[in-house]
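In what follows, a structure is listed as structure tokens, so that the remarks can point back to it.
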Amino acid sequence: TQLAREEHMGHFSFGWQGKEPAPAASPSGAGATLPLQSVQGTAAATVGADTAYCLDPAMYAPAVPPTVPPPVAEAAARRRQEAENIALYLIHILRKCAETIEAGDYAAAAGKLAEARTMLATSISTTTGIGRVASHFTAALAQRIFPASPHSSFALDASPERARELYRQFYDAGPYLKFAHFTANQAILEAFEGCDRVHVVDLAIKQGMQWPALIQALSIRPGGPPSVRITGVGSAPAADEVGLRLAEFARAMNVPFSFQRVTDDSLDQLQPWMFQVLPGEAVAVNSICQLHRLLVNPDAASTSLPTPIDVVLGWIASMQPRVFTVVEQEADHNKPGLVTRFDNAMFYYGSVLDSMEAMSVSRGGAIGNGAGADAYVQREIFNIVCYEGSARTERHEPLAYWCARLWRTGFTHVPLGPSAAYQAAKLARVFSCTGFRVQEIGGCLSLAWHEHPLFTVSVWSAMPADGADTAKEHDDNHKLKMSIGESSDSHLPDIGAQ
């Protein structure tokens with residue numbers, strides 16, 4: 001309910017911590033694994049005995065003598081309550097602004113926007129907690145009402161170079177993309193076991209940060225490394241430079257390697273022949289937060305032509321990949337109504353920004369650092385709130401929707417094994433002092449902030465199966481459907497899971 005969401009948002013600035021689960025034992029008989037140090041980087045930190053369990057002091061405070069006089073404690077509690085009330089009222093004002101925009105009453109929306117701006121300027125800090133979240137959504141609503149407003153904070157450099165830099169800073173800001181890359185790589189590594197020639201198709205090569213870890217893992221494979229080929233979808237010259245760096249790294253690892261670039265004008269305009277898959281190659285297709293950009297509102301479709309997502313999934317399936325790794329934000333931002341999108345985005349990005357703030361503090365940095373990562377998140381918020389039609393590309397959907405869509409296209413689910421789950425949990429424990437954890441859902445893995453999933457990795461295959469494999473695939477798909485739950489399936493009349 002909206003009240004529950006507002007209550008949740010109201011607590012972002014007050015440092016609630018979940019209880020950290022006990023470390024899992026290494027699975028017996030685990031296969032090849034990626035070197036964890038390859039993704040930890042400078043983010044790795046030693047978790048001391050006093051922080052390993054993330055105990056909430058409130059659990060044992062009654063047994064400890066008060067350290068401040070009662071009147072001072074009462075005044076502090078009163079100030080916290082007042083701050084919570086202001087934050088909840090600010091969220092209420094912003095939602096009313098979104099409602100009036102959706103109703104077409106822009107005069108009333110401008111009034112609500114002015115009230116929200118006044119509160120941000122006088123009553124609440126915009127550098128932490130709910131004030132930071134509200135500041136982004138206030139700016140997005142302002143851009144929606146006044147597209148040419150000189151006061152809009154959306155005067156962001158839209159150049160490809162700037163976009164790549166923001167992506168890099170978001171990667172460095174926390175475990176979000178590290179978890180995505182690491183878990184997808186583990187699935188690819190297991191799928192390539194015993195293969196002499198392997199071919200990875202990356203639907204968005206970007207800076208290529210995902211692939212050195214996989215190349216390194218393949219270099220130490222028993223029996224020697226395979227011949228590796230990576231085809232990256234990207235633009236020149238940046239993607240070509242990435243290919244040169246990867247080739248140099250592979251040479252240092254003594255891994256036979258080749259790279260080719262495919263233009264990234266539009267994924268639905270690509271064809272399988274462009275990737276030049278050779279007979280005998282084991283193929284993996286990798287998508288990190290790309291498929292949601294291909295979704296369109298069915299109500300807006302004016303022709304009977306296949307939608308972009310159906311086109312792309314179709315040509316991926318025709319390549320018969322051994323493994324298709326799909327990483328998407330675990331969010332629901334593809335609804336036609338602005339208010340529903342606004343509510344869902346406020347809830348989701350509140351958790352993202354709260355986790356980024358906790359990461360900054362845990363690293364000893366000042367709150368508000370990481371402006372590039374903050375701008376990366378802000379761009380997504382603006383796209384969800386400000387735009388409609390084809391201009392709105394941040395159309396995130398939850399796991400249940402993706403499962404239904406992939407099943408319909410003919411893919412079968414490949415559960416992530418215990419080794420992948422163990423390694424992902426091990427990575428999350430590097431950041432455990434700030435509340436990150438890994439959740440398993442029917443063989444898929446989600447990175448969660450406390451109990452709120454942020455990013456989900458699912459693995460699929462389009463390889464022909466024999467009778468025994470077909471029975472196993474049916475069992476795996478059934479387990480995933482049961483994990484998703486019938487309530488999720490009931491919300492998918494347009495997609496139709498098999």
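Cβ from N, Cα, C; glycine included.
Bear in mind that TrEMBL entries carry predicted annotations, made automatically and left uncurated.
Listed in TrEMBL for this protein:
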| type | residues | note |
| --- | --- | --- |
| COMPBIAS | 1-10 | compositional bias 'Basic and acidic residues' |
| COMPBIAS | 21-32 | compositional bias 'Low complexity' |
| REGION | 1-33 | region 'Disordered' |
| REGION | 88-148 | region 'Leucine repeat I (LRI)' |
| REGION | 167-232 | region 'VHIID' |
| REGION | 241-273 | region 'Leucine repeat II (LRII)' |
| REGION | 386-461 | region 'SAW' |
| MOTIF | 198-202 | motif 'VHIID' |
| MOTIF | 291-295 | motif 'LXXLL motif' |
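Using DSSP to sort the residues of the motif 'LXXLL motif' (291-295) gives these counts of helix, strand and coil: 4 helix, 0 strand, 1 coil. Among residues of the same chain six or more beyond the motif 'LXXLL motif' (291-295), those with a C-beta under 8 A of the stretch's C-beta atoms are 267-268, 307-309, 312-313, 326, 328-329, 334, 393-397, 402. Secondary structure of the region 'Leucine repeat I (LRI)' (88-148) per DSSP (helix as H, G, I; strand as E, B; remaining residues coil): 49 helix, 0 strand, 12 coil.
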